[in-house]
Each structure stands twice: as structure tokens, then as C-alpha cells.
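Participant: Take a look at what TrEMBL says about it:
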type	residues	note
SIGNAL	1-19	signal peptide
TRANSMEM	82-104	transmembrane segment
TRANSMEM	116-136	transmembrane segment
TRANSMEM	196-222	transmembrane segment
TRANSMEM	234-253	transmembrane segment
TRANSMEM	303-324	transmembrane segment
TRANSMEM	369-389	transmembrane segment
TRANSMEM	410-434	transmembrane segment
């Protein structure tokens, strides 16, 4: 329907927009990953309890490749926040390579139409726009899973290729046997090894729970080899798997043991903390619990109608497989061209449902926990769309026979309308997020105009969780917290008086707790602040919030309520509590606000400076 070049350009262009304008949707990304990375490169940053050697549930090995990549631009005479966008660009390139590889595998081994739908959906889906730019292990695991899916499809295609070789009359019997043996041995081992590599990298270097995504593929290989009595191949694959796991594990353990100054196996620590060593005072649940509807709503916001198609894909395809006119063989899907595809479908899409069962049943829920299955949602939606769009075409052949041109026109029109609907609704969501929530990224950039060798404290109170990272601070500035009524554990600071390696490993045990308890040494008096970030909404005096800006909903900058402070820059930030209508979740021009009953209210997100 569209050329592959057009789609690939669209992917590149939209990912570029996300790189420079996409929001940070989770403060855990900032304080657990951007801050340690800034410390590794620039020598300062905020430190969370998870990096304390006493608990050690965050891996430095995940950040080391970016640390190495960040050294060359570090010596350029550029604002430090350019490094932030440089790293985002690296993350986006990594994800795009995976998406394009999967697209080409689908085009070669499955179907041109399905590959088109996949590339379209992964390009415009709001969930993909912010998950691909996130510096998070779950995002990294998502990209690794995308690479792995590509090789799972290649593996599932091997029997089809072998049968094609055997049925090709132009090939001599001896040559057929030679080609079949090559596919069944060396090619198979290489494909399986690559799939296992990416599953393992995503699990051990990224997020250990992502290893669960490999289970269906592993079970498929085991059952197939036992059924066909190919035990020798099973042993070889097992040996390859052990070697790959040990190789990656050696890197992870070595790096983390150096950084923590003791032998640490962080993936195991993460599992123990989140699964086994939990009670009412320790564990993920102390940071909040949510009902299942939390994930359902997030999926609808991040994938709109595609979320339903993605989850419905496997049952839908299995049902269609029993219908003569809709089964996978008659759908021109090369992967299923010679044999029933139920087992292949289960191998491909079972991780989606396995992951959902695991995480939907956990009390503590975070949007980022679903990142690893995002590729399967878009892939499942592509399969489902391909099959569902065939229904009107088949019906038209029944009720309007002998009108082939008309049948094609109907099919093409439906495809265009559906693609247009998905693209529009998805992009409106992407641009709404940028328009409503981008203020922290733009406001903090204005600190660069005050860069000097003079130390300065940039303070935050109630807006601490919107901090975009110390990459936005000149080298002489430091982020400080003031009292805001927040009763949980705030990050501390990496020790700048010792070497960076010593600061990673020699942290006094009493500085942090794992019970999310407030510690007063993490805040400073407001009088010590040189800059302040706040939002123009009413303060809660009972929570000790500092009233520095007058509440304001107009386009004019808010008034400053404290003498000797002045505004530097403000940008709008949506007031979720008082905004209503469709425009809250989709970007709508003002002329459509009345028709959609949209009433948007905005706060001013401001940088203030103490007058000298």
C-alpha cells in the first residue's frame, strides 16, 4: 500500500521527534539510571537506596556501554543537556534497528501485508514512542525481545524452507539432501544461538524477569527435538545456551562486583527483593498498589484499538485457522504455507499472555513493567488486522461475484481508512503528551544561561518527581530537595570527595533504608537555594509546601510571592484535576474543543532565581 522507504522514513522521523520532545514518564528512570550515568561521566548526581551496596538491586553493567559511548561528546564545548539527547538518540537507533530487522524478517518469512501493518503500528503507537527513548532495563529488554522475535520467526520458518527444497524438482536429490542438512544443522544452530543471545542479554543485562519471555521458545525446541528424536541437536543447543548465558553472566557479575567492591549477582538480588524477601514493610508493594484496570487503561492509552487487536490475535487466529477461507494457509502467510500454524502461533504469541498473567496479578503495577511485550502487541495487531480485513473482501466476492476490480477497490479502501484512523488517533495521543507534559525538559534547559564556576543549589519541593536529570545542570550546580510534605525516601548524593569507584562502593549503611521512610538529611532549608523549580498551583500548607508562585490559569506569567526571587522562564503544564474532555488525552486544535466538550487548564511550570 505504501513503499517500504516511506514507512521507514516515517519511523525515523517520528522517533526523532520522540528523542527531542518526548517526555520522561517515570521518575525511577531519572533517579535510578540517568543520575548514575551522569555521575559516571560528570562526577556528580543523585543516588538512590537501590545502589547502596547494602541492598545492591541495580546493575552498573547496564550503564557501562552508554558510559563508554558518552566519553567522546563529553569533551565537546556543548551544554550538558545535549548529552541527554545524545544518549536518547543512541537508544532510539538501537530500537529502530531491532524494529527494522523484525520488519524485514516478517516481509521475507511471513507476509508483505503483515510486515506493512507491523511497521505502521510500531511507528505510530504512543507506547512505542516513549518506551523506545526510555533509559530503563524494561525498555532495553523490550528491544532485545524484538531482536529475539526476529530469530524465533526465522527458526519457525526452517521446516517450510526444508519442505520447499524437497519439493523443488530443479534440485538434484543429492543437492537437496545437502541443503536440508545445512539448514537443519548449522543454520538452525546459528538462528537458535542468536535468539538465546538476545533473550539472555535482555534478561541478565536488562531486567531478569524478561527471561520468562524465552520459555515458550525453549519449550518448543525441546518438544520438537524430543518428538523427532533429534537428541543430538538438543544437546548441542543446550551447550550453546549454557555458553551464552555464562558469557553474559561473567560480564554482568564482573562489572557489578568491581563497582560494589564485593561479588554481586544483581539479577538474583532483584528477584529476591521483588518476589521472596517481601512483607508489609519491605518490597515493591510499599510504593503503591493498583487494580488490574490500571494496566488496561494504560494499554488503551498507549495502543488504543491496537491493544484489543494485539491481545485478541492468538484466539482470533486459532479460530480462523479452522475456517477454510480464513485459515493461515489460504491467507498467503508464507510461515504457514505448508502446515497447520497453531503450534507456531502459540510459540510466537504465548509470551504475551504469560507475561500478562504474571504482571497483571501483581499488586504493585508500573507502566514500564509491560514494555517487554509491546513488540508482541503491535505484531499481534498486525496479524489480526491482516485476517480481519479479509472478511469484507471475501464477503464482496460472495455477494458481488465476478467483479475482481471492485473487490480490490473495497479491500484497498478499507485498508486506507483503517490505517488513517490508527495513524491519526495515535499521533494525536503522542502530540498530546508532548504538548501537556514537556515543560520540565524545556524549563530546566534555561539553567545553562547561568553556567559559571560558582556553586549553586537548584532546589525542588513538590515537583521533585518531574526532575529530568542532572544532565540539565551546569557542572557547578547541584539539585537539592526542600521540604514538601513528601513522606517517602528521597535520593541522596554520590560522594564527590572520593573517587567515583569509591563513591559507588563505600556508602555508609545508615544513609539509606529500603522501607521508603523519610530521612531529614536529604533536604536543605529553602534559604540555601539559589534557583527553584515550582508549578503555579495552590500549595498545601499542612504539607509544608512552599508558596513561591501565585496560582494562575491565564497565559500571563504568575506572580512571585517571595521577595528577592524572580522568574526566569515558564512553560505550560496541564492541570489534570481541572481539565476535562477528549483534549486531555488527544491533541485537539482549539476550534474542536467546544464540539468535544474539551476544557483544558494549564499551570505554569517555572524556573525562579534568587536575586543577588
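Heads up, the Cβ atoms here are built off N, Cα and C, so glycines get one too.
Nobody curates TrEMBL annotations by hand; they come from automatic prediction.
Source: prediction; values computed, not measured.
For each listed feature, how buried is it and what is near it?
Facilitator: The list of residues near the transmembrane segment (116-136) in space but at least 6 beyond its ends in sequence, with Cβ under 8 angstroms from a Cβ of it, reads 1-2, 4, 7-8, 10-11, 14-15, 17-19, 22-26, 28-29, 33-34, 37, 66, 87-88, 91-92, 95-96, 99, 102-103, 106, 142-143, 299, 301-304, 306, 368, 371, 374-375, 377-379, 381-382, 385-386, 419, 422-423, 426-427, 429-430, 433.
Same-chain residues lying 6 or more positions outside the transmembrane segment (196-222) and placing a CB less than 8 Å from one of its CB atoms are 59, 61-62, 137-138, 140-145, 147-148, 151-152, 155, 234, 237, 240-241, 244-245, 248-249, 251-252, 267-268, 270-271, 274, 343, 346-347, 350-351, 354-355, 358, 372-373.
Here the transmembrane segment (369-389) has Cβ contacts under 8 Å with residues 99, 102, 106, 111, 113-115, 117-118, 121-122, 125, 127-128, 131, 134, 136, 138-139, 141-142, 145-146, 149, 202, 207, 209-210, 213, 295, 298-299, 302-303, 306-307, 309-314, 316-317, 320, 326, 331, 333, 348-349, 351-352, 355-356, 359, 362, 411, 414-415, 418 of the same chain, all six or more residues outside its ends.
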Participant: Counting only residues 6 or more past its boundaries, what in the same chain has a CB within less than 8 Å of a CB in the transmembrane segment (82-104)?
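Facilitator: Residues 4, 8, 11-12, 15-16, 18-20, 22, 34, 37, 41, 66, 69-70, 73-74, 76, 115, 118-119, 122, 132-135, 139, 142-144, 146-147, 149-150, 153, 375, 379, 468-469, 471-472.
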Participant: Do any residues of this chain, six or more beyond the ends of the transmembrane segment (303-324), have a C-beta under 8 angstroms from a C-beta of it, and if so which?
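Facilitator: Distal contacts: 121, 125-127, 330, 340-342, 345-346, 349-350, 352-353, 356, 376-381, 383-385, 387-388, 421-422, 425-426, 429.
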